[in-house]
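Taking it in order: structure first as C-alpha cells, then the write-up.
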Amino acid sequence: MKAQNGSRWVDPAPLEVARPRLPWWTMLPGLVKLVISPVVLAWLLVWLVGKLARLLWYYPITALLIIATLWLDCWAGHYWAGAVASVVLVGLGVWWWRWIDTYQRRLRWLRSEVRRVTVYAWDWRTVMRLSNLTGTAKGREYRPKLKRVRAEGWRDKVRVRMVKGQAPEQWSERASGLAHSFHAKSCRVRVISPGKIELDLIHSDPLVSVLPLPAMVADESSVDLKRITIGRTETGKPWRIRLLGNQILVVGVQGAGKGSVLWSVVWALAPMIKAGKVRLYGIDPKGGMELGQCPDIFHKVVFDNGPDAVELLEEIANEVRARAGQYRGLRRFWTRESGQPFTLLIIDELADVIAYQTDKKLKERAQGAIQTITSQGRAPGFATLALVQDPRKEIVPFRNLFTTRIAMRLDEATQVDMVLGDGVRERGADAHEISELTPGVAWAKEDGKKEPLRGRAFYASDDNLWDLRAYVNGWTFEVLPFPGSADKGGRRHDHFACTRSGG
Ligand SMILES: Nc1ncnc2c1ncn2[C@@H]1O[C@H](COP(=O)(O)OP(=O)(O)OP(=O)(O)O)[C@@H](O)[C@H]1O
C-alpha cells in the first residue's frame, strides 16, 4: 500500500519466499507421465532386485537364517520359530564365549558377515569422509565402495573399490588412521586389480609361538630345491623359499634370529647333503659361533675372514665358471640328472668378509668372488645364503644380485627399503616393527613377485643340531650301562652313556 498524505502506512518490504523447486519430471504433461510410468516402475524394480542381490551376495548366511526362520514361522507358528531362533542365538553366544578359537575357525563366514555390518558398513561413510578418502565432482560426493569382507580371526580382509582418480598410495598414507578407526592394531594395503584394493586389518600376530623343526624328510628325492620349507607364513601356510637359481640375503639386527633361517634351510636339505647331492660350503668369520655347531656337515668351512676365506670364495667362483663352461651348448640349467652336486655357500656375517676386512686387497678379492658366484651361479647350480646385520650400500654394494631378500627385525624404516626395495614397506612389510619377543619372524621378498610375505622360521635347538650332525654323518648311538650303576634294588641306570659309531 502506498503512503498517503498523513497516513501512517508505508510500503511493506517485498515478500522473500523461495519458490519451491519441484523435480523436472513433475512439469511433464500428464499424458507423457502416463506413458513413461511403466518404464520408471520397471527401472525401480530392477534397482530393488539389484539391492536385494547385493545384500544376498554380501550376507548369504544371514539371509539364509532369516529365510529359514520366516519359513519356520509360517510352518510351525511364532512360538516355535522364536524358541528355535533363541536356542540358536544362545548356542552361538556360548560357543563364542567358551571356544572362541573353533568358533572363529568354523563360523568364519558368519563372523565375516557380522563384522562387515557391525564394524565396517556401520561406520564406512564417516570414516571415509574423516580420512579424506571421498571426492566431490559437480556437487556430487563420490565414496569408495565397501566390497567383500573376510574375517580370519587374526585379520579382516576388506576389499574396496576406490574412487576414480584415487591411488593406493593415498590409502597407504592413511593406513594407521584406518586401523584406529576400525579398532585394528595395524592396516596393510594390497592392490588386487586396477581400481580395487584389499585392506588387511590386523588384530593379533599369528606368529607369536615358536615353531619347532618338523620331522626330517626321509628320502632325498622328495627334497625340492625350488620349494624348501623353512617355517610358516602368517596365513598358516608353509614358508617356502627357492634355492635353485636363487641367491638369498638375510638381514637382521643382532638376535633377530638369522641363525634359524640358516639352520631351517640346512635341515630341509639334510637328506640331499647326506646323499652327496648337495654340497655345503661355509664361512663364519665370527670364529665358528654359528657354523661351528655343525662343522662336519660342510664340504669345506672357514672360521675367519682372512686369506683362507677369500681362497675358498675364489675356489667356488672358479668352479662356477668351470661348470658354466661345461654346460655351454649341452644344458641351460643344473638338474639332479647332471650328476654334479648342487652347491650352497653359507656366509654367516657377510659384512666381515666384504666390508670390515682391513686388508684392502683381500676385501676386493672377496667382493669380486662373491659377485661372480651370485651373478653367474644361477644356471650351474650354485646358491648363496648370506647373513648380514647392516644392509647399507657401503656394506653390501651389490644387494641387487640377491634375488630373494629376507628382512628380519631391523632398527629403522629406511633399512627395510634398502633390503626389500622401494614401495614394499608401503604394502605392509614393516620389518622395523617386528617384536624383539618374536625372533625368527621376517618379511621376505622374491624378485618377480609383487607381494612380500611374512613368516617365522623354525627354531633349531641344540638337540636338533646334534641330530642333524648325527644324521648327515651317519652316526648311530648305542645306550650303554653306566659303570657301576645298579642301585640296591638291582635296577640299572643305563641312560646316561652312549657310544658313537659310523662317523
Ligand atoms: N625361529 C626362532 N624361533 C624362536 N626363537 C628363536 C628363533 N630364532 C632365534 N631364536 C632365539 O633368538 C636368539 C637369537 O637368535 P640368533 O642367534 O639366531 O640371532 P642372529 O640374528 O643370528 O644374531 P647374531 O647376528 O648375533 O648372530 C637365539 O638365542 C634363539 O633362542
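Here the Cβ of each residue, glycine as well, is placed from N, Cα and C on the backbone.
Where the annotation comes from TrEMBL, it is an automatic prediction and has not been curated.
Pulled from TrEMBL:
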- GLY252, VAL253, GLN254, GLY255, ALA256, GLY257, LYS258, GLY259: ATP binding site (BINDING)
- 236-417: domain 'FtsK' (DOMAIN)
- 24-48: transmembrane segment (TRANSMEM)
- 55-72: transmembrane segment (TRANSMEM)
- 78-97: transmembrane segment (TRANSMEM)
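Here the features listed in TrEMBL are painted onto the structure.
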| residue | record | Cβ neighbours (10 Å) |
| --- | --- | --- |
| GLY252 | ATP binding site | 28 |
| VAL253 | ATP binding site | 16 |
| GLN254 | ATP binding site | 7 |
| GLY255 | ATP binding site | 11 |
| ALA256 | ATP binding site | 25 |
| GLY257 | ATP binding site | 20 |
| LYS258 | ATP binding site | 27 |
| GLY259 | ATP binding site | 23 |
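Residues 80-81, 84-85, 88, 109-110, 113, 116-117, 148-149 of the same chain, all 6+ positions outside the transmembrane segment (55-72), place their C-beta atoms under 8 angstroms from a C-beta of that stretch.
What surrounds the ATP site, by Cβ distance within 8 Å of the Cβ centroid and not counting GLY252, VAL253, GLN254, GLY255, ALA256, GLY257, LYS258, GLY259, is the set GLN389, MET408, ARG409, PRO439 from the same chain.
Averaged across the domain 'FtsK' (236-417), pLDDT in this predicted model comes to 93. Less than 6 Å separates the Cβ from ligand 1 in the case of ALA256, LYS258, drawn from the binding-site residues VAL253, ALA256, LYS258 in sequence order.
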